[in-house]
Structure formats: structure tokens, C-alpha cells
Amino acid sequence: MEEWSYSKSARTGRTDVLYKVNERPPVPLLILLAFQQFLTMFGATFSFPLLMAPFLCLGPDEVGLSSIISTVIFCSGLGTLLQTTFGVRLPIIQSISYSFATPFIVLLTSLDRLKCPDPICTSDANDSFRNSTLVSCGSGEHQDMWQARIREIQGALLVSSLVQVVLGFTPTITMIGLSLFDAAAGKCQGQWWIALTTLALLTIFSQYLRNVEVPFFSYRAAPGGGRGCVRSSLRFFALFPVLLAVALAWLLCFIFTETDVFPSDIKKWGYAARTDTKSEVLSLAPWFRFPYPGQWGVPTFSAAGVLGAIAATLASIVESVGDYYACAKLSGAPPPPGSAVSRGIGVEGITSILAGAWGSLGGTTSYSENIGAIGITKVASRAVIQAAAVLMLILGCIGKFSAIFVAIPDPVVGGLFLAMFGMVTAVGLSNLQYVDLSSTRNLFVLGVSLFLGLTVPKWLTQPANAGAINTGSSEADQILTVLCSTSIIVAGLVAFILDNTVPGTIEERGFLHWQQVDQDGPLGRQDDLDLSIYDLPFIQPWLNKQRITSYLPFCPGFRGWCRRRPRPEQKTPPSGQDNEAFDGPVSTQL
């Protein structure tokens, strides 16, 4: 089996990264790289609130949507800062997890008390006067409507974030992307040509032009001495594909709006692509708005919401564990020890609790696209990610900044959804890279779980099958309806049962690879690896002196609960025993 490259580079000290995890670039470069990391993650981050907006009954309340985006960005910065400082301590960006999208959408559309009225609100005061149940858009009653749904999400998120059990179902993350195709189609249907243009631009920049280096010149110290005009190159298209695609598609929509190519009648196809339909949000949004815990009110709790969010939490944990190893590999760092992984998942749970308290729309997870940016830029500095976290905290308090994203035409957002949800699906399938896909056993487990994960929720959500689940208890009916309508729960449960009951070899199921990682990792070759990057800041020297830390799973000195330290008088292992055996109980003679 091929040895993981980061294990080898960590032991030999050879790595091709420009700045290692513990190194810090010069301040001007640090700020530029931090802004680049923010641009890498902003597409997926601001898209999540746009995806959830129709199910929250926001309607045309763009100011409220900009406040939600600000909260998501602020919580992302807070989570990133905590993760890089006290968590796994790798250069990893934390932001909102799409694992929570499907369970929360199902929750908001399955329970009658959370379904949006039709119409949601009206902009005509006369309509509100004639119909007392119809509220005015942006009024206090309308804000109470969508804030009540956020409070329901908050309650589910606060409880589910307490779950720290690591369980993995291969098809689960794949189902997140597959189950969101309706939401992507809903954004695209306003103007399919603009959506496809956005997708095409994103594909060209991120795939076809990713290796093209754009030259630029700067006046600074020349390599031969003195100062002069120095030519450099940058993979511009690979670094900013989302920004470029959105900017060009938005510009195209602006041109077609000014030339009246897109109709001005709201009932005609193509109106959704106009750039003047949401322009007033830039003037109405406040310049500064500080997100705070409980800003939407006191969270509410329901069993159906909590169970759905727990499934999303487990899927997010599995995704993060894989990202930790991938980030260490690209950073030229040794594989994270079990203590660092446990600490990372624990801090991720804490940041998800904070996200629930602040009123974000989902828990936090590591972002694979930012890990990929490390491989492109060869900059693995933890300080860069921490600077990006500070930038997110600042931008999350600037209301006008979030309002810019709200003004993006829906078809442009739909084009982004097509690419991002496709990538989410592919990330889930990438977990199969170490599984024997020539095995009919594995193909059966994968195919059946995916197919049931799509068909069962689709059947339950059809109007003709409303009330199909009838146990005699309304609370039980609500719980089962939400669970069976959530694709990741159905697919994950089926995959879990089949994968653990259908006979299969260790190599066939992909476990052999992870055993090899453990042998190459800290427990197998601890003396050869520099694990100082995973040490906790400030208090690590004090922790090293405490005996109890060897029994705490989240401390760097953890060696397992079933191991005992050797007696002080016995400094070396007995003859014929290796270090692993020596770490076990030592026999004594009377």
C-alpha cells in the first residue's frame, strides 16, 4: 500500500510548502492571504442563507436576510478562531455545514405550524387591511414569522451539537448534495440561461484555467539587489473562480437589465435576473450591526427537529475528520494524533452551540475548498487562517457588506448552487476511494442506500401521501415524518445496517487503509514525528507536568485509558518487548 506523503515528509523534514503551520508570513502578505482564504469560502457561506430563505418565510425582506448572512459570517469567524487556537490547530476554516440544510428544510416543510402561508406577506397596505391574516412585508408581524422558524432551528442545533459520537456512513454526505436538487432548480428557473452561464464561467475558471498563471508587476526589492520592477505570476483563476464567475454573471444581468432584455413585469420569465429588484436593500441595510446571542428570541425545541439535526451533526463530524487528515497532508504536517482529532471535534461542537445561540442557520464544519487552497498556494500558516477569522468577525458586523450578497440575482445564485451541490455530492463519493468498488457487496450497499434515500423522502413529500404515517400519536407522527423525509437519515440508516451485517473483508470495506494510517501516525512512530504543532497554546508546558493529562482524550499526552506509565526505576523496556508492550501493565516480583 502506498504510504501517505505527509507522513513521509513530516519524518524527513522535507516539504514543498512556503510557510509551514507554525510560521507567519510578513504582515502585508498575511493580510492578502487571509482575504484570499475568505474569498475562497464566501461563496458557500453566503449561499446557505439564500438557500434557506424561502423556507424561513422571509419573502422580500432583504434586510432581514442580510442580517442572517452577517450572523453566519460572524459565527464562521468565531468558530475558525477557536478551532485554530484551541481545537485541532491545523489551518482549517470553519463555516456553516450543508449537512444541516436537508433536515432543517424537511422540518420547516413537514410540520403544519412551520409551513409558510401563501402568500407569505404583501407589500400593499390595502391587502393587509382586507385580510387580517395577511401581514405586511417587513413589518413586526412578518419579522416574528421568520424569526420563530429560526428559533426552532436554534433549539435543534443547541441540542444536537452536544453529540460528540463519531459515526460514519459513506452515502450520507453524498445524499446532502443529491437531496438539494429541488432548491437549486428553484433558483435557476427564473432565468436558466443566466444560471447555466454562471455555471459555465465557474467551470472555466476553476477547471480549464486553473493552471494559467497571470503575470503582474510590482516595484520592490529586486533579486539582484536594489529596487526595481519585478515580474511575478499568480494563478488568478484558480484562486478566485467564484468571485470572477459571480462578478461577470452579475455584470451581464446588469447590462440586460439596462437594455430591457429582461422584462420588467414580475409575472414574465426572466424578471428574476434583473439587478434592480433588490437594489434598495443596499440603502436600507444598516452600516454596522453587531450579532449577539438570542437576537431572534428564545430558542424553541421539538423532538423532530433535534433528531434531524443530530443526523446532520454526525455527518458533519465524519466530514471534518477526513478534512483533518487531508489538511495535515497538504500542510506537510504529521497526521493529527487522536487527542487533536478529539479536541477538534469537541471544539467544533462548542462552536456549533455558539452558532445556535447566535442564531446561525446551522452548525459549523471544516471547509474542503479552503484546504484545497493550501495545496494551490503552498501556504499552510495557521496565522493566515486566524487573520481570516478576524476578518470574518469584522465583516460580519458590517451590514452593508452582507447586503451586497442579497442583491445578487436569483439565477446567478442558482448557477452557484448547481456547482456547489454537485461538489458536495462528489465529496461524499470521494470517501469511497479506499473501498473496493469492484466488490458486488459494496456496490449493493451503496446503490440500495442511495436509492432508498431518494425514493422514500420523495414519496412522503408528495401531497397525495400526506398523512401516510399514522401511529395514533401526533407527536410520533411528526417525528417519523421528519426522519423518513430526510434523505441523509434514510440513506445513512440503510447503509449502516447493510455495511455492518452483510459479510465483507477488512480490505474490501476500506479499513485496511486506515489501519496503515494509524501505523504511520503518531501512535506507531511517535519518536520520528514532530507533533508540536498540535500542542495547546500557553498552557502546554504546564500540562506536560500533570499526570492526569495522559488519561484525558483531548490532551496531547493522552496514551489511552488502559496504559500505565513505567515505574521511575525502570527507564527502558525489558528485553524482547517493544514500546507498545512496555506501555502496558508491568509485572512485579514479591
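Here the Cβ of each residue, glycine as well, is placed from N, Cα and C on the backbone.
No curator has checked TrEMBL annotations; they are predicted automatically.
The region 'Disordered' feature in TrEMBL is assigned to 565-590.
According to TrEMBL, the feature transmembrane segment maps to 29-51 (among others). A Cβ distance under 8 Å defines the sequence-distant neighbours of the transmembrane segment (29-51), meaning residues of its chain 6+ beyond its ends; these are 65, 68-69, 72-73, 76, 93, 95-96, 98, 101, 180, 183, 187, 239-240, 242-243, 246, 361-362, 367, 369-370, 373, 377, 379, 381, 383-385, 387-388, 390-392, 395, 402, 405-406, 408, 413, 416-417, 420.
TrEMBL lists 63-82 (among others) with the feature transmembrane segment.
As annotated by TrEMBL, transmembrane segment applies to 155-178 (among others).
Residues 237-238, 240-242, 244-246, 248-249, 252-253, 262, 269-273, 409-412, 414-416, 418-419 of the same chain sit 6 or more residues outside the transmembrane segment (190-209) yet have a Cβ under 8 Å from a Cβ within it. Per TrEMBL, transmembrane segment is recorded for 190-209 (among others).
Marked as transmembrane segment by TrEMBL: 236-257 (among others). Here the transmembrane segment (236-257) has long-range neighbours at 36, 39-40, 42-43, 194, 197-198, 201-202, 205-206, 209-214, 273-276, 373, 376-377, 408-409, 411-412, 415-416, meaning same-chain residues at least 6 beyond its ends whose C-beta is under 8 angstroms from one of its own.
Positions annotated as transmembrane segment by TrEMBL: 296-318 (among others).
The transmembrane segment annotation in TrEMBL covers 383-406 (among others). Residues of the same chain lying 6 or more positions beyond the ends of the transmembrane segment (383-406) and with a Cβ under 8 Å from any Cβ of it are 19, 23-25, 30-31, 33-35, 37-38, 46, 50, 62-63, 65-67, 69-78, 80-81, 84-85, 91-93, 278, 281-282, 284-291, 370.
The transmembrane segment annotation in TrEMBL covers 412-431 (among others).
Taken from TrEMBL, the feature transmembrane segment covers 443-460 (among others).
The transmembrane segment annotation in TrEMBL covers 480-498 (among others).
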